[in-house]
């Protein structure tokens, strides 16, 4: 087995363990914090606000991530960034509104170098022939995180209407240990040299602050190109749907009292079903990359769009408008709401997300080979801006308005991605002549 492929597997396992902790925590954060506030009147922390702060700092710091990586390289950046995820987990053991929001901001800074480093390292371990396979396999390993953490949460939250302190501390402690295990995997990654012309120029002609400024300049120049501006519309949608399925959807089900006798335990099952969709999509597009890419990336993205639209329609019919805020006995068009339909929606949200993200990774790693650091940083910048906006309005807008926003931005983002993909196809055909 070639060394670069082994590094992709280690990278995938590292992120799988780190995000087993983090994605599970995102899924249950609103529920956990509501339980803490019921026990401690002085605690005013809000899950949506915490995640909004996280993604706000994530988005802003993405502009500095290429400069940071120009100093440290992607391996060190990922280890440092992953450490902030562990710090975030630990703060839940010491409930404090100020500490929660400070840790959210610090995690936003760490997330930018983690993900930009990941994209850069993935590109260095791939060629134009292997980028789709490697993207799919990494995505499948990453999304296995949705299984283990949420399965653990499901059993811990079973038959509980209130998440007591002992249960909270056990869940948080276990997730923290899992995150540390992920850091160990990331620290085991080997150095991979860059094949990108602009990366080599960066290393050879610039040093110190000049190197950092040059990396920032390249990212800004790339952002202003027509293709990247169009892709930003697709990136923006992935940020909105990410925040919806990772923070809002599970909480909405847990707050819908009539969906089950103990709706809180369904939150874990929702995360598992999202993970099943993510892993199936990532594995399918990774293992069968040579066949799925034969007709281009656009059919896969369109398929993901259709799945998401179906999930939004079923969610509209199934969950009440007040579901994102707090426990409610309201109903929507189905009385009683269907837990089975909610789990089907979760699977479709995960599978559709895999369709979008694997193809975005494939395009950035395969088509922007001269500046992968800048390309992945801009992807995460736009995505995290959207996620921050989404978590801010999630505290104020009802479920139906949120679904309408997702439908509109999903349609625009899909059309924009298809336009860029067709443009690359034309360029490749002209080069072959």
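Yeah, the Cβs are placed from backbone N, Cα and C, and that goes for glycine too.
The transmembrane segment annotation in TrEMBL covers 47-64 (among others).
According to TrEMBL, the transmembrane segment annotation covers 76-94 (among others). Within the chain, the transmembrane segment (76-94) has long-range Cβ neighbours (under 8 A, six or more residues past its boundaries) at 14, 18, 21-22, 25, 32, 65, 68-69, 100, 103-104, 106-107, 109-118, 121, 168-169, 172-173, 175-176, 179-180, 182-183, 186-187, 189.
Tertiary proximity for the transmembrane segment (100-123) is limited to same-chain residues at least six positions away from its ends with a CB under 8 Å from its CB atoms, namely 7-8, 11, 15, 33, 45, 49-51, 53-62, 64-66, 68-69, 74-75, 77-78, 80-85, 87-88, 91-92, 131, 134-135, 138, 189, 192, 196, 361, 364-365, 369, 372-373, 375-377, 379-381, 384. Taken from TrEMBL, the feature transmembrane segment applies to 100-123 (among others).
Same-chain residues lying 6+ beyond the ends of the transmembrane segment (135-157) with a Cβ under 8 Å from its Cβ atoms: 8-9, 11-13, 15-25, 27-28, 122, 126, 163, 167, 170-171, 174-175, 178, 264-265, 267-272, 274-276, 278-279, 281-287, 289, 350, 354, 357-358, 361-362, 365. Taken from TrEMBL, the feature transmembrane segment applies to 135-157 (among others).
Residues annotated as transmembrane segment in TrEMBL: 169-189 (among others).
Annotated transmembrane segment per TrEMBL: 229-254 (among others), in sequence order.
According to TrEMBL, the transmembrane segment annotation covers 266-288 (among others). Long-range contacts of the transmembrane segment (266-288) within its own chain (CB-CB distance under 8 A, at least 6 residues past either end) are made by residues 23-24, 27-28, 31, 132-147, 149-155, 157, 245, 249-251, 253-254, 259-260, 300, 304, 339, 342-344, 346-355, 358-359.
For 300-319 (among others), the entry in TrEMBL reads transmembrane segment. Sequence-distant neighbours of the transmembrane segment (300-319) (same chain, 6+ residues past either end, Cβ-Cβ under 8 Å): 234, 241, 249, 252-253, 256, 259, 281, 285, 292, 332-334, 337-338, 341-342, 344-345, 348-349, 351-356, 358-359, 399-400, 403, 406-407, 410-411, 414, 417-418, 421.
Residues annotated as transmembrane segment in TrEMBL: 339-361 (among others).
According to TrEMBL, the feature transmembrane segment maps to 373-393 (among others).
Per TrEMBL, transmembrane segment is recorded for 399-424 (among others). Long-range contacts of the transmembrane segment (399-424) within the same chain, counting only residues at least 6 positions beyond its ends with a Cβ under 8 Å from a Cβ of the stretch, are 227, 230-231, 233-238, 240-241, 244, 248, 252, 296-298, 301-302, 305, 308-309, 312, 315-316, 319-324, 359-360, 363, 367, 386, 390, 393.
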